[in-house]
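Asker: Can you read through this structure? Questions will come right after.
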Amino acid sequence: MTALTQEEVASHTRTVVQGLEALRNEHNSILSGINSTLAAAAHHPPDSNVISEKAGILQKSLDQIELGLSEAQIMLALASHLQTVEAEKQKLRAQVRRLCQENAWLRDELASTQQKLQASEQHVAQLEEDKKHLEFMSTIKKYDADVQDTESSMEEKKDKSDDPVVDLFPDDDADDRAAMSPTPPSQFAQQVNAGYEIPARLRTLHNLVIQYASQGRYEVAVPLCKQALEDLEKTSGHDHPDVATMLNILALVYRDQNKYKEAANLLNDALAIREKTLGENHPAVAATLNNLAVLYGKRGKYKEAEPLCKRALEIREKVLGRDHPDVAKQLNNLALLCQNQGKYEEVERYYQRALEIYETKLGPDDPNVAKTKNNLASAYLKQGKYKEAEILYKQVLTRAHEREFGAIDGDNKPIWQVAEEREENKNKVKDSAPYGEYGGWHKVAKVDSPTVTTTLKNLGVLYRRQGKYEAAETLEDCAIRSRKEAINLVKDGMTVDGGRRLSASRDRLRRGSRESLNSAEFDAADDPPNFPSPMGSTTSQRSQDDARHTGIKKIFHAFGFQS
């Protein structure tokens, strides 16, 4: 006898059920006739006993038929359940196959990224050697230059460095570009999610854009964003929060390429969508307004940026409360815009309120407290209020000293006090030796404390304006030591623990070198600092782009997008 399939068993069972039902009906008919005969033969006892026995046999047979029908129904229900289980099993197998394909692609992408990392590390090492050579050549040229020209150029540099108040959005000079690299992916990831959570279908695509943009691979990031935008507009329509999110990401990529006009158009479009879909008082709207104000500030359009910044402040005060740290951040940006327009009364009011919020909500040791004091002191210095500025600078340095070395006493003095003592004693002891390591201050003010380093420079500028040149040189020398400490950390990272030490040191150096005493507070969730333009791609990097574009198409198909 051959084995039957599940469908054949179910079909035969249905046939048996039909036969049993017919047999049950026949038995019921016979039993009904016997019962009628038994009622008529009640006066003939011998015949009555025989008929009763027949009726009992029929009833017993009928009970067995009912049992058979019940078992057949159970078998049919079990067959239906098995079919459902088999369908679910096939569905799970399809999902497993898709996950295996995605895993294989991700492994290929990881291998490609590792190769790129090795090539980048070799390129960085070569750049370091080239930099050393250029510095050496520059040193030689100094001896060939005319003395008059050298003195005049140094005087111009001094005049420029004496003013610690820089523009709201400073340009990336050569020194900054040499020490900078694109924003780390973790930071970029936080910066594009303000007020609206990235949906599941965009998350993988969003992470890919972040990865490419953080590496300066804009030639891949831009087409990827545009392709995602096109698909989202087809499936969800233009006026959808997901479209606004992708517009914001693409705007950030454009801004990192200094394409401010294109970035402004995208941010305005994203702002209109978010106002329409999320409401005019949503935190995401405030973040977009802030980013647009920052963009206008970078282009020198301070008057156009100010009302945008004020509206973002009003939204955050309404939604988050007047004492929220994000409100203080917005106050800092507004103060910087006003400072570039010479509105110093408003500048001081905004900074003082921001400082009060930071000290109350985050504590006196929060980095934002020192940064805001630096900004306020710079505003004082711009107005010639040297005494007020000096008090704030000393507060920052004193607090940093107490955190690192403990309470201040006669043997444990902050760096500014040491500098003033050297100024007082400069005529008493001639040719005095340098003050060692200034109590370890060159270590305290390393790249992990960029605000402290900036304060050292700014207070040195203030001392020079007051004619305290010895004190100024003490603080400036300490700041230079901090810079050398940062460079040494980078060099150590190239030889110890490979790329991870190098990457961590470069990130810390990046934060220190980009720390401006009144740099704009970008929205921590929607807007990163400037990316420099990417270096020229190597041949091997270009050859890897084809594989990446193929991977992009795969990820689009995997998450339901049309390529």
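Cβ from N, Cα, C; glycine included.
Note: TrEMBL annotation is automatic and uncurated.
The following feature annotations were taken from TrEMBL:
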COMPBIAS  154-163  compositional bias 'Basic and acidic residues'
COMPBIAS  498-514  compositional bias 'Basic and acidic residues'
REGION    146-187  region 'Disordered'
REGION    497-549  region 'Disordered'
REPEAT    244-277  repeat 'TPR'
REPEAT    286-319  repeat 'TPR'
REPEAT    328-361  repeat 'TPR'
REPEAT    370-403  repeat 'TPR'
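Describe the structural context of each listed feature in the structure shown, including burial, neighbouring residues and relevant distances.
Answerer: Counting residue by residue with DSSP, the repeat 'TPR' (328-361) contains 30 helix, 0 strand, 4 coil.
Averaged across the repeat 'TPR' (370-403), the predicted model reaches a pLDDT of 91.
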Asker: In the repeat 'TPR' (370-403), how many residues does DSSP assign to helix, to strand and to coil?
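Answerer: Summed by class, the stretch gives 31 helix, 0 strand, 3 coil.
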